[in-house]
Amino acid sequence: MAIKISDAPFSKRVEKGLQDGFMRQAVSSAQERLKTSKGSAEKELGNWEEWRTLAEEIRSHTLNHIDFYLHQLSENVEKAGGHVYFAQTAEEANQYIKEIVSSKEAQKVVKSKSMVTEEISMNKALEDIGCEVIETDLGEYILQIDDHDPPSHIVAPALHKNKEQIRDTFKARKGYTKSENPQELTLFAREQLRKEFLSADVGITGCNFAVAESGSISLVTNEGNARLATALPKTHIAVMGMERIVPTWEELDILVSMLCRSAVGQKLTSYVTGLTGPREDGDADGPEEFHLVIVDNGRSNILGTEFQAALHCIRCAACINVCPVYRHVGGHSYGSIYPGPIGAVLTPLLEGYEDHKELPYASSLCAACTDACPVKIPLHELLIKHRRVIAEQKRTARTEALAMKGFGIGASSPMLYKAGTKVVPFLLFPFVKDGAIPKGPGPLKGWTDVRHLPAPAKERFRDWFKARQKEGAHD
């Protein structure tokens, strides 16, 4: 997999999402449930806005001094007996990981949930050299055995599937014979995955945050699969985006608290794991060898720009859980492993506008995402900045550019504007029915197909205002 998950045009992806009734119902239900639990978790913590401000300051400070903290992290990982590799591109990261796996003659790799490994298409790179990669996060495992179906949500990757679909997938791929009861499905998956953990040669994880002062990585999960992936195989490879770093354990404490409350509405997830280097003498478990792969893949190009705040993201999906656009079209409509508002901001930055120029427009600009973000990323403002860049680079449709140019000329000329307010209502009059325009002409058709368009007022505002002024003069 890579950042881009579909070659279908944006309009086709959206149309498919709108027609998926189950997905829309599932997303709506999940958004309401997560909104309620997040609100309760915020109240329990108290002073939520102050915590948000503190989290924002931590992320901003860290990114402004990221060269220092990455150097400190690297030194401390190596002091603890680990190995560090800085990968400028996805290809470099995959090549390094393949070399490690090949050197161990590994036939099987177990992997915990990691967005950055999906971003760089790590699974495919390992499969190309004959290594079997097993996803151990339950949602990712379901998607993997279902013909590598892409995730539709950052935290709940299989949100778009119902229990009947999961039962059928387990039945077809793994010989499952029981019902669609969620508990039975989960127990079956656990039985399957335990075998994989015990026979794996290498464990690969992501990294929620790396701690620069100690050279540690942290893993935040609810299933415990990341602990097994790091405790049982002899070699552990952690892959992180270069921005996923904190200076000290004190900052980690704050950001993990914000992450858990914002993602799933819990004080903490079931498992918060800190790992420092390989196993030491006397340790009961843990890897004999530890590698940390720090991935750039376009992130350094965002540093120092007006979009730097996008790198503050802690992957909680709070913005996704309140987005009205995501609610209606689902995650696959974005065509990226990063869906929702943060995906609409981040994807064009990492992959360019060529295939993703529509994403900044997949927003109502209601700013619910900005209000929900625990690290105060001004998401709706960044979307507007994207739109400005797209317009400046002349990437908009030719018809749209001509329409905006025509409107600009008309709106900046009092004479043309005044004439337009008389002519346009006259031209639209034949399409008016019961005080509205149910089927607009030309470009308006796309609007009236899905929205209500009131008929133009019979009396222009400027005429109404002049009349009231005259009435006032006579009083």
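Yeah, the Cβs are placed from backbone N, Cα and C, and that goes for glycine too.
Marked as [4Fe-4S] cluster 1 binding site by Swiss-Prot: Cys313, Cys316, Cys319, Cys373. Taking all protein chains in view, 24 other C-beta atoms sit within 10 angstroms of the C-beta of Cys313 ([4Fe-4S] cluster 1 binding site).
For the recorded site, Cys323 ([4Fe-4S] cluster 2 binding site), the DSSP three-state label reads coil. Residues annotated as [4Fe-4S] cluster 2 binding site in Swiss-Prot, with sequence analysis given as evidence: Cys323, Cys366, Cys369.
Taken from Swiss-Prot, the feature domain '4Fe-4S ferredoxin-type 1' covers 304-334, and the record attributes it to sequence analysis. Sequence-distant neighbours of the domain '4Fe-4S ferredoxin-type 1' (304-334) (same chain, 6+ residues past either end, Cβ-Cβ under 8 Å): 5-6, 10, 13-14, 16-18, 20, 23-24, 27-28, 30-31, 34-35, 38, 55-56, 59-60, 63, 115, 150-156, 159-160, 208-209, 243, 255, 258-259, 262-263, 340-347, 349, 359, 362-364, 366, 368-379, 382, 385.
The domain '4Fe-4S ferredoxin-type 2' annotation in Swiss-Prot covers 353-382 and rests on sequence analysis. Each residue of the domain '4Fe-4S ferredoxin-type 2' (353-382) gets a DSSP state, and the totals for helix, strand and coil are 12 helix, 0 strand, 18 coil.
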| message | Under 8 Å between C-beta atoms and at least six residues away from its ends: which parts of the chain pack against the domain '4Fe-4S ferredoxin-type 2' (353-382)? | response | 4, 10, 14, 38, 51-53, 55-56, 59, 255, 258-259, 261-262, 307, 309-310, 312-314, 316, 318-319, 321-325, 329, 333-336, 340-345, 347, 389-390, 393, 395-396
| remark: When the binding-site residues Cys319, Cys366 are compared by other Cβ atoms within 10 Å, fewest goes to Cys366
| remark: Between the C-alpha atoms of Cys319 ([4Fe-4S] cluster 1 binding site) and Cys369 ([4Fe-4S] cluster 2 binding site), the distance in angstrom, to the nearest integer, is 4
| field | For the binding-site residues Cys316, Cys369, Cys373, the one whose C-beta sees the most other C-beta atoms within 10 angstroms | value | Cys369
| field | [4Fe-4S] cluster 2 site shell beyond Cys323, Cys366, Cys369, criterion: Cβ within 8 Å of Cβ centroid | value | Cys319, Val322, Pro324, Val325, Tyr326, Pro341, Ser363, Ser364, Ala367, Ala368, Thr370, Ala372, Leu379, His380
| Under 8 Å by Cβ from Cys323 ([4Fe-4S] cluster 2 binding site), counting only residues of that chain that are 6 or more apart | Gly340, Pro341, Ser363, Ala368, Cys369
